[in-house]
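Peer 1: As annotated in TrEMBL:
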TRANSMEM  38-58  transmembrane segment
TRANSMEM  130-150  transmembrane segment
TRANSMEM  157-175  transmembrane segment
TRANSMEM  181-199  transmembrane segment
TRANSMEM  211-230  transmembrane segment
TRANSMEM  360-382  transmembrane segment
TRANSMEM  388-407  transmembrane segment
TRANSMEM  458-477  transmembrane segment
Amino acid sequence: MAAPKPEEVIHPPMDQLQGLEYCIDSNPSWGEAVFLGFQHYILALGTAVMIPSFLVPYMGGNDGDKVRVVQTLLFVEGINTLLQTLFGTRLPTVIGGSYAFMVPIISIIHDSSLASIEDPHIRFLNTMRAVQGALIVASSIQIILGYSQIWAICSRFFSPLGMAPVIALTGFGLFDRGFPVVGRCVEIGIPMLLLFVAFSQYLKNFHVRDLPLLERFAFLISIIVIWAYAHLLTASGAYKHHPELTQLNCRTDRANLISSAPWIKIPYPLQWGAPTFDAGHAFGMMAAVLVSLVESTGAYKAASRLASATPPPAHVLSRGIGWQGIGILLNGLFGTLTGSSVSIENVGLLGSTRVGSRRVIQISAGFMIFFSMLGKFGALFASIPFTMFAAAYCVLFGLVASVGLSFLQFTNMNSMRNLFITGVSLFLGLSIPEYFREYTAKALHGPSHTRAGWWNDFLNTIFFSSPTVALIVSVFLDNTLDYKDGARDRGMPWWDKFRTFKGDSRNEEFYTLPFNLNRFFPPS
């Protein structure tokens, strides 16, 4: 048997992923784009409902308060997504609520001056105003780092080797929101997971009028089928004698969103009253803003590959971070109860559908704004059991993580230095946050537990985030361990040409501002 030729053995690195149907600036038909946008909207509902559903009761809020917070969060998500796709990185990314802000927000909820308020509604309003004030102050971090181009300067220390663990852990680091949540109601979670995989992968060649219907709308079709199945189980009394926690995760009538939602309600700034400001609260929230910055940086890199674009140049990435800071400021002004970052699940959906079109994401933003004002209709979709979203996350988070690992193709993975950096960064990025989670679950407070609450919030928030830990470890090791002689091994010859706007001719096609605004803000 003849020896294989080198080209039959080696798979050359590729700047852009192959097999994508629509890239960032190519668009499907309007009908298809509308349905794809609606699919992204439905997917974004998972986090938009889960965060307020968890936090509002702790604050003393009722079901009506929860619905208003969900509506407000979706409304601001729509605005922030439009701003980011028009003037920020211009990548097809949904800007949604972030779990990175949970630690400082829970700390504010437990603040003695707020927790001691006896009237639940007054406690809810005062806590909301305190969170708003902290978000408004903390948003200045991203605004300054973004618009001053400081984050662009910091990105000079990034390489494909250093960023691969960061991008990978934007997906892998969310493992606790995948199958552990599916396991809370396996009756609907596992069928949802199997159906989503079957439609998006095994039946992807099923075409209707040249449209790969099942692949393109796998998530939407799966949600409809399993939601109807879950409603049938609920109506038949299948969960009548089950524990309360099982009923909460399985039944379709336990969200109490539809009955509590108004028919029409338009969110507006300062709707909860004037924000209150506390230095300790704001400092703890700044750590969450830094975490969302790191996680979004990894997500932008992943989205650029799944949209068949070049990696965003340094100044474009920094511009996007600046607009994200504006988004967090809007979160604070409107009172969404959390800050903003890139929605990882929606980035994964770009790969699942093979559609990275910017227009589709902008249409999804329109759905967010529209249904957030029509309360009853929005609440209907928001009442989908979260277990079904978690089943889809098992696939979508994994897709994003694999995109991060794909950056290793530009490095020399036969180098012991590179193997050491990659392995240690991935392991510590998973292991350190897991230690912080387990410690908090047992002790009911984080490992950092000094008298300075702001310092505790800062450290606990930073080390709860897998991508942030990975960034600290990988970038430090990559820039201190034999870095002078390892530029080629680190993938820098490939990376350097994308650092500046004029380094690659394709950047102008992907990242130029609309409405001829580049005349006033020339790219660097």
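Note: Cβ is positioned from N, Cα and C throughout, glycine not excepted.
All TrEMBL annotations are machine predictions without curation.
What you are looking at is a predicted structure, and each value in this text was computed from that prediction instead of being measured.
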Peer 1: Are there three or more C-beta pairs under 8 angstroms joining the transmembrane segment (38-58) and the transmembrane segment (360-382), sequence spacing 6 or more?
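Peer 2: By the criterion, they touch.
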Peer 1: Taking 38-58, 130-150, 157-175, 211-230, 458-477 as candidates, which has the most Cβ pairs under 8 Å with the transmembrane segment (388-407)?
Peer 2: 157-175
Peer 1: Which of 130-150, 181-199, 211-230, 458-477 has the most Cβ pairs closer than 8 Å to the transmembrane segment (157-175)?
Peer 2: 458-477
Peer 1: With CB pairs under 8 Å as the measure, which of the listed stretches 38-58, 130-150, 211-230, 458-477 comes out on top against the transmembrane segment (181-199)?
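Peer 2: Per the Cβ count, the answer is 211-230.
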Peer 1: Near the transmembrane segment (458-477), which residues from the same chain, at least 6 beyond its ends, have a CB less than 8 A from one of its CBs?
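Peer 2: Contacts of the transmembrane segment (458-477) (Cβ under 8 Å, skipping residues fewer than 6 from its ends): 100, 103-104, 157-158, 161-170, 172-174, 283-284, 286-288, 290-291, 294-295, 298, 420-422, 424-426, 428-430, 432-433, 436-437, 440, 446-448.
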